[in-house]
Structures are given as C-alpha cells and as structure tokens.
Amino acid sequence: MSPEDPQETQPLLRSPGARAPGGRRVFLATFAAALGPLSFGFALGYSSPAIPSLRRTAPPALRLGDTAASWFGAVVTLGAAAGGVLGGWLLDRAGRKLSLLLCTVPFVTGFAVITAARDVWMLLGGRLLTGLACGVASLVAPVYISEIAYPAVRGLLGSCVQLMVVTGILLAYVAGWVLEWRWLAVLGCVPPTLMLLLMCYMPETPRFLLTQHQYQEAMAALRFLWGSEEGWEEPPVGAEHQGFQLAMLRRPGVHKPLIIGICLMVFQQLSGVNAIMFYANTIFEEAKFKDSSLASVTVGIIQVLFTAVAALIMDRAGRKLLLALSGVIMVFSMSAFGTYFKLTQSGPSNSSHVGLLVPISAEPADVHLGLAWLAVGSMCLFIAGFAVGWGPIPWLLMSEIFPLHIKGVATGVCVLTNWFMAFLVTKEFNSIMEILRPYGAFWLTAAFCILSVLFTLTFVPETKGRTLEQITAHFEGR
C-alpha cells in the first residue's frame, strides 16, 4: 500500500494467526524508559525533605521563607505544564526514544543548578528545569512503553510508569533522612544519567519507525524487543503523516478519546490526592507519632505496595474495573476524612488556613486520639485506593486510546491538563477550606470521586487484551 493511501489505520504489527511474542528485552526497554518516571518522582518528592534541610542548614541567602518555600514546591507543576506542551511537540517530530534522551538534560541540569545554588532564585530555577523534564517524561514514557509492549503485558508494563513515580518519591523521602539538600540533589542526577546510558542501546518504537516508512528498522526493533518478526505484516501507514488538524475533531475516533483522556486527568486531580499528601504529616502528629516525618515514608510505602499490586493484576482485572473500585474506595475514605474534621472542628468559620487542622472541639484527649486514628486509617485507605486505580490508570489509558497520528497533540493536551489542575487544586485548596470548612472541602472531593465512578462506568472503554488498533477501531465505530 502506498503512503498516499487515505486509509486511516495504525500499524498492524501482528497478523491474527501469529504466535504471541516471547521476547524479554521489552522488559529491559521498559525499565530504561521508566527511569524517566523514577526521576520525575524523585523531583516531586525532593521538596519535602529539602525544605526543612534548607531552613535548618542553608546559609542566609538560601533560607526559604513561607512564600519561597511554597513556590519551591509549586514551581515544579508550572515547569511540568510547559514540559507537557514541549513533550507533545517532540513526540511526533523527534520520536519517542530521542524525546526520552533529551529530557535527561533538564533533569541533570536542574539538579546541578540546585546543587550549586547561591541564592533562592537559583533554587527556583533548578526546580523549574526539573519540572520541565517531569512534564516531558510523564508524557513520553507511557507512550514509548505502550508502543513497545504486546497486549498481554501492556497493562503490567504501562503501570510501571506510576510505580516508578511513587518509588522515586519514596526514594527522595528515605534519602532525605540521611542526606542534606545539596547531596540529595546530587542523588537526583543519578536516575536520569542511568536512563541516558541505557536508552542509547534501546530501539525506537516500531510504530513510530513505521510512520517514517523505515520498515527494516521497524522489523529490527521488533526482533530486538519481541524476539521474532514471524507473522509480522507490512502495515498501511498513509494517513499517519497527516498530523493533527482541527477538522479532525469532528471524527469520533479523535474527539471521543480526547474528551475521555482530558476528563481522566481532571478527575485524577479532583480526587484530593494532593490535599491528602499535604496534610499527611499533621495527621500523623495528631495520632501521636513521635516522628512526623515517618508519615511521608509510610505514605510512600503504601503507594509503592498498592501500585505494584495494580501492575500485577492490571491485565487480569482490567482498567475499567480497577478504576471503578478505586473510585468507590476513595469515596468512602474521603467521606470518613471529612467526618473526622466535622467531629474535631466546630464553631464559626473565621479561622485562617494556618489553623485549619488544629482541633478546637472540647473532646477528651483519648477521644480525640481515637478520632486522629480514624483520620490516619482514612488517609491510608485513600492512598491505597488511589494507587490501585486512579494513580496509574489515567496515564496508562492516555498512552492506549489515541490514534497514532494525533498522539503527540492529544497526550500533550492531557498532560497539560493534569499539571494545570494539579497547580490549581494545590494553590486553591486552602481557599476552598476557608469557604466550606475542612469537612466541607473533603466531602466535596468525595462528591467528585462519585462523579469519577459514574464517568468510568459510562464512558471509559475496557482496553484489556486489545491491540492499539482494536482500541482505535472501537472509537471509530468499526
């Protein structure tokens, strides 16, 4: 079939009668690409141990006040939003592999700037650079992994993206116990450097190579990743070079997955995960933990364990079931969390956001301690529920549902939406709590979780066991 053929299909990489692939190098390539999300997670988790270290040991020019500390944590999301746009542009022009290689530059440069910082502006500049790299990695890594994986393991390998993110966060928390902020930034250079070295030996995805009409290179990549090219057919790729045009939004195969992808990112951030993470230390303090920093590590361990569980069962249980189950768990946990605040806080709504988590009820100490444990239990349940579904699956589905020729633009829009919502929710959550009181704010997030369950059951298709071509055909009504 010639490149001018208007037929719109993605590369059909396996004929119906062919044997299932058995190559193991696909797991090595996944690990190499997933070092990007590991770096991304480390950059996100870096601020939690670094801010106390900067306030404790840094010279006067580097001391962070409340405003600077707030921006030190939040500026990553702004850089990541820009990185999402940049990643979407790079994805279709530079390719998946080169985009991953390029994102190592701002990762290493950003941490190097932080290490050499002489004033607060250098700290913020370094964080902005690492945020830019986070945006690119969060977009490109899921796409690369989904395009090299065969259907039987695509859920497992795709879930490794979120697993590596939470592992990176946990690594930053644990390392922060023994390393001060400069050496912690030096450690942050290690994962992207390792990714740079490993990705040099990994192939470009066969799908991208086929869109460039590099048939021999695509077959070589298949042999490297899957062990054999037996049964592979030369695909029709004519329409893949059209690129994205606004007129395409009229086609159901384009606007349906785009709407679903955007909504998944919006609901992920409206679940309240950032609010829970922000208040983890305070909740553990009220439960009488001697070392409140233990909260961060405990939360990180729960995230890693349950994200690993999700990865192991993803290709058996399916995406839709896990998303719905995750949403139900978050509804109950957020409702219980709001109930905790309702029982421990009363009186007129005239407190500032600084004191929102200070109990002002007249309950006896032992009663309040019991309620604090209700909060700890609710928080841990929420984190487990989020990790099983709404943590990894939106990123996995983002990499699965878009046609190949719009993947760069569509994933860029989704990543931009996710990071913009993360910034908006983090920045405005205190204002919402001042208006609705803490219990009202958390009950509102429970309502959003209910909507996410209804959305999942109504609109999200099951992609378990389907090829990417079958998923595209589903949206096109074929």
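Yeah, the Cβs are placed from backbone N, Cα and C, and that goes for glycine too.
Feature annotation from Swiss-Prot assigns D-glucose binding site to Q162, Q268, Q269, N274, W395; the stated evidence is similarity to another entry. If you look up Swiss-Prot, you'll see N350 marked as N-linked glycosylation site, on the strength of sequence analysis. What Swiss-Prot records for 1-25, 92-96, 149-156, 204-257, 315-320, 390-405, 461-478 is topological domain 'Cytoplasmic'. Feature annotation from Swiss-Prot assigns topological domain 'Extracellular' to 47-70, 118-127, 178-182, 279-293, 342-368, 427-439. Among the features that Swiss-Prot reports, transmembrane segment is placed at 26-46, 71-91, 97-117, 128-148, 157-177, 183-203, 258-278, 294-314, 321-341, 369-389, 406-426, 440-460.
Using a cut-off of 8 Å between Cβ atoms, the transmembrane segment (294-314) and the transmembrane segment (157-177) share at least three residue pairs, counting only pairs 6 or more apart in sequence. Annotation for Q162 (D-glucose binding site): spatial neighbours P37, T307, A310, A387, G391, P392, W395, L396, criterion Cβ-Cβ under 8 Å with sequence separation of six or more. Among the recorded stretches 71-91, 128-148, 406-426, 440-460, the one sharing the largest number of Cβ pairs closer than 8 Å with the transmembrane segment (26-46) is 128-148.
Under 8 Å, Cβ to Cβ, and six or more positions away along its own chain, Q269 (D-glucose binding site) finds N418, M421, A422, L424, V425.
Taking every recorded stretch in 157-177, 183-203, 258-278 and counting its Cβ pairs under 8 Å to the transmembrane segment (128-148), the highest total belongs to 157-177. Least packed by the Cβ count within 10 Å, out of the binding-site residues Q268, N274, is N274. Contact check: the transmembrane segment (183-203) against the transmembrane segment (369-389) gives fewer than three Cβ pairs closer than 8 Å, residues 6 or more apart, which falls short of the contact criterion. If you look at the transmembrane segment (369-389) against the transmembrane segment (71-91), you find fewer than three C-beta pairs under 8 angstroms, all six or more positions apart, and that falls short of contact.
The full span of the recorded D-glucose binding residues, Q162, Q268, Q269, N274, W395, taken as their largest Cα to Cα distance, is 17 Å.
Mapped onto DSSP classes, the topological domain 'Cytoplasmic' (92-96) shows 3 helix, 0 strand, 2 coil. Residue density at W395 (D-glucose binding site): 29 other Cβ atoms are found within 10 A of its Cβ, drawing on all protein chains shown. Residues 102, 140, 143-144, 147, 204-205, 208, 243, 407-409 of the same chain lie 6+ residues outside the topological domain 'Cytoplasmic' (92-96) yet bring a C-beta within less than 8 angstroms of a C-beta in it. Highest Cβ pair count under 8 Å relative to the transmembrane segment (71-91), across stretches 258-278, 321-341, 406-426, 440-460: 406-426.
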